[in-house]
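Participant: First, the structure itself, so that you have it in front of you.
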Amino acid sequence: QLDPENTGFIGVETFASLVHSHELPLDPAKLDMLVALAQGNDEGQVCYQELVDLISSKRSSSFKRAIANGQRALPRDVLLDETGLGFYKRFVRYVAYEILPCEMDRRWYFYQHRSCPPPVFMAAVTLTQIIVFLCYGARLNKWVLQTYHPEYMKSPLVYHPGHRARAWRFLTYMFMHVGLEQLGFNALLQLMIGVPLEMVHGILRISFLYLAGVLAGSLTVSITDMRAPLVGGSGGVYALCSAHLANVVMNWAGMRCPYKLLRMVLALVCMSSEVGRAVWLRFSPPLPASGPQPSFMAHLAGAIVGISMGLTILRSYEESLQDQCGWWVLLLSYGTFLLFAVFWNIFAYDL
């Protein structure tokens, strides 16, 4: 009735009177954003499709453009000024400042965040890794450098070059770990970095990034370090960490996480030390070993996946990935690598 010509637009005053007269149960924060969208276009009209997208929380870059070009700003210029928040909402605000570089994005995330569904992926992966480690530790009575136990490398979860035909091993190796130190390092990073990333960017994006790093790690080892087995979730962990660190560097001025320079240095030192330790265990094992020790190439492959594909995912908050040409280029490159690695393992491995 308000749009007889079926243009898809109505005036913002008309929409405001509609909301007032019918007492529509709209989220006040989303209502402010819709008005900002209207004032961001040339004629100051409310778009029906933008209304649908906003109510359904669909990712769209139009919101950012409207706020940047419009005359209306969202309420509460600084999210840190919020008072009277409960513990969980303070944690959500902390996550917003930890992950997102723009105040507008932080407010949008804070106001539209819902606790359901919870960030279950990273928690489930970490819990499974701990359970598997405890089971093998109790069974073998060995908690440090478990890979030196001859029975450990016979696990059906370990990626081993002699059993590469069992394709599930290219993913399940992420549940096995060299020892307590590697498990502790990976679990800590997964919870400290992976959970906040999953809260902001969603389970689909973060699980895809993590598993892409894990798969790229095992396939890279199968090509570059063909005699070595592989254990640990470092491929996925380094994909998350490198993507997050690269996003912080690219948006350094906008990030508001405290002591960001110190934390950046500490993260790089810890990651470099872990890679150095893996290299040392690969080529200079502390004990005589009957065969090659686990490879370190998964760390590097995961970092490459994070810096390339992961950075694109994290920089596309509230934007659709399928609308970006760069995303398809990276996805095609990753698919080409996977295809090459699969054919290598089938036809060229014995060369």
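A Cβ is built for glycine as well, from the same backbone N, Cα and C atoms used for every other residue.
Where the annotation comes from TrEMBL, it is an automatic prediction and has not been curated.
Copied straight from TrEMBL:
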{"type": "ACT_SITE", "residues": "SER234", "note": "active site, nucleophile"}
{"type": "ACT_SITE", "residues": "HIS299", "note": "active site"}
{"type": "DOMAIN", "residues": "166-315", "note": "domain 'Peptidase S54 rhomboid'"}
{"type": "TRANSMEM", "residues": "120-139", "note": "transmembrane segment"}
{"type": "TRANSMEM", "residues": "203-223", "note": "transmembrane segment"}
{"type": "TRANSMEM", "residues": "235-254", "note": "transmembrane segment"}
{"type": "TRANSMEM", "residues": "261-283", "note": "transmembrane segment"}
{"type": "TRANSMEM", "residues": "295-314", "note": "transmembrane segment"}
{"type": "TRANSMEM", "residues": "326-347", "note": "transmembrane segment"}
Participant: Can you give me the same-chain residues 6 or more apart in sequence from SER234 (active site, nucleophile) with a CB-CB distance under 8 Å?
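Facilitator: Sequence-distant Cβ neighbours: GLN182, ASN186, GLY217, GLU274, ALA278, ALA298, HIS299, GLY302.
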Participant: Can you say which of 120-139, 261-283, 295-314, 326-347 has the most Cβ pairs under 8 Å with the transmembrane segment (235-254)?
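Facilitator: Between the stretches 120-139, 261-283, 295-314, 326-347, 295-314 has the largest tally.
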Participant: Which stretch from 120-139, 203-223, 261-283, 295-314 shares the most C-beta pairs under 8 Å with the transmembrane segment (326-347)?
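Facilitator: Out of the listed stretches, 203-223 contacts the transmembrane segment (326-347) most.
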Participant: Under 8 angstroms for C-beta pairs, at least 3 of them, ignoring pairs fewer than 6 apart in sequence. Is the transmembrane segment (295-314) in contact with the transmembrane segment (120-139) by that rule?
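Facilitator: Output no: the transmembrane segment (295-314) is apart from the transmembrane segment (120-139).
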Participant: Take the transmembrane segment (203-223) and find every residue of the same chain, 6 or more past its ends, with a Cβ under 8 Å from one of its Cβ atoms.
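Facilitator: Beyond its ends, the transmembrane segment (203-223) has Cβ neighbours at 117, 119-122, 125, 159, 161, 164, 169-171, 173-174, 194, 197, 230, 233-240, 243, 295, 297-302, 304-306, 309-310, 313, 321, 334, 337-338, 341-342, 344-345, 349.
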Participant: With DSSP as the reference, give the number of residues of the domain 'Peptidase S54 rhomboid' (166-315) in helix, strand and coil.
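Facilitator: For that range the per-state counts are 110 helix, 1 strand, 39 coil.
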Participant: With a Cβ cut-off under 8 Å, give me the same-chain residues at least six positions beyond the ends of the transmembrane segment (120-139) that come close to it.
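Facilitator: 146, 152, 155, 157, 174-177, 180, 183, 186-187, 190-191, 194-195, 198, 203, 206-207, 210, 233, 236.
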Participant: Give me the mean pLDDT over the domain 'Peptidase S54 rhomboid' (166-315), rounded to a whole number.
Facilitator: 89
